[in-house]
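A.B. asks: Dumping what TrEMBL says about this protein:
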- 41-220: domain 'UmuC' (DOMAIN)
- D45, D138: Mg(2+) binding site (BINDING)
- F50: site 'Substrate discrimination' (SITE)
- E139: active site (ACT_SITE)
- 385-404: region 'Disordered' (REGION)
- 390-404: compositional bias 'Basic and acidic residues' (COMPBIAS)
Amino acid sequence: MSRFLCHAQRKRLFLCLVWPVLTVPKSNENTVHMKDEQRVILHVDMDAFFASVEQVDAPELRGKPVIIGQGHRGVVSTASYEARVFGVHSAMPVATARRLCPQGVFLPGRRWRYKEVSHVVMDIFRTVSPLVEQVSVDEAYIDVTGTSLLFGAPRIVAQHIKSEVLAATGLTCSVGIAPNKFLAKIASDMNKPDGIYEIRPEDVTKFLETLPVGKIPGIGPKAREALSRYGISKAGDVLQWPRGFWEKRFGKMGTLLHDRAQGIDLSPVVVYHEPKSSSAENTLEEDTTDRELLLGWLWRHAERVGHDLRRHKLRGRTVTLKLKFDDFSTRTRSQTLARRTDETRMIFDVAAQLFQKEALPRRVRLIGVGVSNFRAVPRQLSLFEEDGEEKSQGETSREKDLDRTIDAIREKFGRGAVLRGPSVKKPK
């Protein structure tokens, strides 16, 4: 019998044999607290995710430097490993990436496609444990504590995940194995791409002694510079001073640093994060005051945000408009609605009203739309909405039906299958 059963069998066996052991206390149903030495945490990070998806979907791009970044004024979202050889990396200005890698294939990116693939990947993670914390579209923590009798050693589980992801999507991922989330995240970066790296509890101290302090998540260039004044270059160096020393100088961040230098991280795997907002924005190809062009972008962003809300079964009450001007000053305007909504048309109408009130003293560089102040959509509509929210009728009902129909078509055939609303015209 194969060590790994089919998905359906595995899910049933896991729920029957393992889940009762890992049941979360009713007081906090989304988290599990355990001591580090008892835990086995995986951090799975997809390799150059956006660029790799494009290479899988278009085989002619394989082996070529693929860079996801729009226009000359945006930033790089992801660069394939072929592009990284030339020094291109995430968050780099696209203009810089073009200078470093003029032969690169620059693509605007397809968020809908990346989310689609992400759903497949996350579903695979959940076949080995119900305790999956999705951190972003391309990475997650998985608590596999107590699953060894069912699936085998952590490395076997990690290799199985990698094989399943590759078979389902054609993509590779890297897996870190450790006693906690902090160490697992570091481990996943140690053997990239397409690797596995394990930090056992008995090896934690030795591992951290020589780990560059900048590898600790949250330690950026400024923090490294501040720590260098104390002669700190390795994580192990932090322990030359007691916890109180760091707390006095850096407050809570100081105590956190001291804990991390000892390999301590008791943070649980959080199965679900309640989103606080949903937004979409873009940097324009050219600074502009063309209101028709900007309204076209507002519509596109309203569609993206509306679809995101409907997919997560959320409705928001506050709509926010964001504008960044050519002097890099930023202006935001918000309006709170009488009732919560997930409708594309209403999100656009409110954002457009806010936009039309703006005088546009300078040319616009970036435009965005966001929705916040959420409430989950009930599974069954009641006769009366809460908080005075009225039942949807007439125009609103038709808009909901239209949104659902378009969502279904685009889920099946892609975003370009249906065009609706104001188009984004070329700048003058």
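Cβ atoms here come from the backbone N, Cα and C positions, even for glycine.
Nobody curates TrEMBL annotations by hand; they come from automatic prediction.
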A.B. asks: What number of additional C-beta atoms lies within 10 angstroms of the C-beta atom of F50 (site 'Substrate discrimination')?
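C.D. replies: The answer is 27 other Cβ atoms.
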A.B. asks: Since the record lists D138, E139 as recorded positions, which of them has the fewest other Cβ atoms within 10 Å of its Cβ?
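C.D. replies: Lowest Cβ count within 10 Å among the recorded positions (D138, E139) is E139.
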A.B. asks: Cβ distance under 8 Å to D45 (Mg(2+) binding site), same chain, sequence separation 6 or more: which residues?
C.D. replies: D138, E139, C173, S174, V175, G176, S188, D189, K192
A.B. asks: Work out the three-state DSSP category of F50 (site 'Substrate discrimination').
C.D. replies: helix
